[in-house]
Amino acid sequence: MRARRGLLRLPRRSLLAALFFFSLSSSLLYFVYVAPGIVNTYLFMVQAQGILLRDNVRTIGAQVYEQVVRSAYAKRNSSLNDSDYPLDLNHSEAFPPTTTFLPEDFTYFANHPCPERLPSMKGPIDINMSEIAMDDIHELFSRDPAIKLGGHWKPADCVPRWKVAILIPFRNRHEHLPVLLRHLLPMLQRQRLQFAFYVIEQVGTQPFNRAMLFNVGFQEAMKDLDWDCLIFHDVDHIPESDRNYYGCGQMPRHFATKLDKYMYLLPYTEFFGGVSGLTVEQFRKINGFPNAFWGWGGEDDDLWNRVQNAGYSVSRPEGDTGKYKSIPHHHRGEVQFLGRYALLRKSKERQGLDGLNNLNYSANVTYDALYKNITVNLTPELAQVTEY
């Protein structure tokens, strides 16, 4: 009788345990879906730490190998006569470092191109992450008559090397935009770039489509001016160095390489998020961003694939120049896009079908003193993809 009761209790306990673990896993999956930003921050931190550990192991291995080689050559040289030349592992043919930024007394000429390494670019920026009203930002920059409607500015003392359109995807981040403008506008002025800000705001009930907003912003910006450089900039990323030059180059550029919330480590080699830059020619060649990524995640990885498929490589700033601070979020982020991995597996096949060439939209355009606001209601029907 007791044995029978024990047998009855065992399945019941197993069932309760199974229900408990099912409930726990369901709750975890739901949290990952509705709050992907928090979850992925921790995942990226762990991934970055793993990469750092791997690199440290490689460095230690190289140092051990060097010491072994040094010891071997030391023994060899001690047994040779004085006519032999010992190997000097400290010898280097590299030239001594030069000062790359111009001196304070540099003279500008109105008909000469602006240099890329100006004396006004000091390096570290004094970051102020406290919230500020947009009216206060307007008041702050209203003293500069050179800033035109829509945040358009160009230097008067030299010819700007790049005409830069700053594209900012936007939804419900009204407390972030003034903080970004407070830091970014003076930095771009110190870099002597011609620039304007485009805030592309998504309304409606569909999940956030960051990539499609960038495509819309590109199309609208090119109606204003023959821009030659595009900066795709998240609204919550604040650069920490004004030597992170927001011009473009022969290869696409990833600016935000070290983000504070990822412990200033690159989460993975193909990471292309936060702030990136391409020339207009490069952006058209890769067919822009994909339009099919609804919700959080995947579009930057697809952009990386597009860049590689087009024969480009990605350049990054050296050292700590690519450091950024992330403005804390006071609300829940966008939901996770669960279909991104299936799309990423077909990146190459989709590249010629999904992007600038299948984009349709209707925009409501208004002007702020410091940016052009482009409001769109995006739906999947506006960027349908044929079978591939």
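Each Cβ is built from the backbone N, Cα and C atoms, and glycine gets one as well.
Model, not experiment: these values are computed from the prediction.
Record features, source Swiss-Prot:
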type	residues	note
TOPO_DOM	1-14	topological domain 'Cytoplasmic'
TRANSMEM	15-35	transmembrane segment
TOPO_DOM	36-388	topological domain 'Lumenal'
CARBOHYD	ASN77	N-linked glycosylation site
CARBOHYD	ASN81	N-linked glycosylation site
CARBOHYD	ASN90	N-linked glycosylation site
CARBOHYD	ASN128	N-linked glycosylation site
BINDING	PRO169, PHE170, ARG171, ASN172, ARG173, PHE208, ASN209, ARG210, VAL235, ASP236, TYR264, TRP296, HIS329, HIS330	UDP-alpha-D-galactose binding site
BINDING	ASP236, HIS329	Mn(2+) binding site
BINDING	GLY298, GLU299, ASP300, ASP301, ARG340	N-acetyl-D-glucosamine binding site
CARBOHYD	ASN360	N-linked glycosylation site
CARBOHYD	ASN364	N-linked glycosylation site
CARBOHYD	ASN373	N-linked glycosylation site
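Sequence features, as recorded in Swiss-Prot, placed on the structure.
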| residue | record | Cβ contacts under 8 Å, 6 or more apart |
| --- | --- | --- |
| ASN128 | N-linked glycosylation site | VAL179, ARG182, HIS183 |
| VAL235 | UDP-alpha-D-galactose binding site | ILE168, PRO169, PHE170, ARG173, HIS176, LEU177, LEU180, ILE327 |
| ASP236 | Mn(2+) binding site | ARG173, HIS176, LEU180, SER326, ILE327, HIS329 |
| GLU299 | N-acetyl-D-glucosamine binding site | ARG210, ALA211, PHE289, PRO290, PHE293, ARG340 |
| ASP300 | N-acetyl-D-glucosamine binding site | PHE271, PHE272, GLY273, SER276 |
| ASP301 | N-acetyl-D-glucosamine binding site | GLU270, PHE272, ARG340, LEU344 |
| ASN360 | N-linked glycosylation site | LEU382, ALA383 |
| ASN364 | N-linked glycosylation site | ILE374, THR375, VAL376 |
| ASN373 | N-linked glycosylation site | VAL199, GLU201, VAL365, THR366, TYR367 |
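ARG171 (UDP-alpha-D-galactose binding site) counts 17 other C-beta atoms within 10 Å of its own C-beta, drawing on all protein chains shown. Within the set of binding-site residues ARG171, ASN209, TYR264, the entry lying nearest in space to GLY298 (N-acetyl-D-glucosamine binding site) is ASN209 (CA atoms). For the recorded N-acetyl-D-glucosamine site, residues GLY298, GLU299, ASP300, ASP301, ARG340 set the reference point as the centre of their Cβ atoms, and the other residues of that chain within 8 Å of it by Cβ are ALA211, PRO290, PHE293, GLY297, ASP302, LEU303, PHE337, LEU343, LEU344.
Sorted by the number of other CB atoms within 10 A, the binding-site residues ARG173, HIS329, ARG340 start with HIS329, the lowest. The maximal spread of the N-acetyl-D-glucosamine binding site, taken as the longest Cα to Cα distance among GLY298, GLU299, ASP300, ASP301, ARG340, is 11 Å. A C-beta separation below 8 Å, combined with a sequence spacing of at least six in one chain, links TYR264 (UDP-alpha-D-galactose binding site) to LYS258, ASP320, LYS323. Listed in sequence order, GLN202, ASN291, PHE293, TRP294, LEU378 are the same-chain residues at least 6 apart in sequence whose CB falls under 8 Å from the CB of ASN209 (UDP-alpha-D-galactose binding site). Counting every protein chain shown, the number of other Cβ atoms lying within 10 Å of the Cβ of GLY298 (N-acetyl-D-glucosamine binding site) is 24. The Cβ neighbour count for PRO169 (UDP-alpha-D-galactose binding site), using a 10 Å radius over every protein chain in view, is 24. In the three-state DSSP assignment, the secondary structure recorded for ASP301 (N-acetyl-D-glucosamine binding site) is helix.
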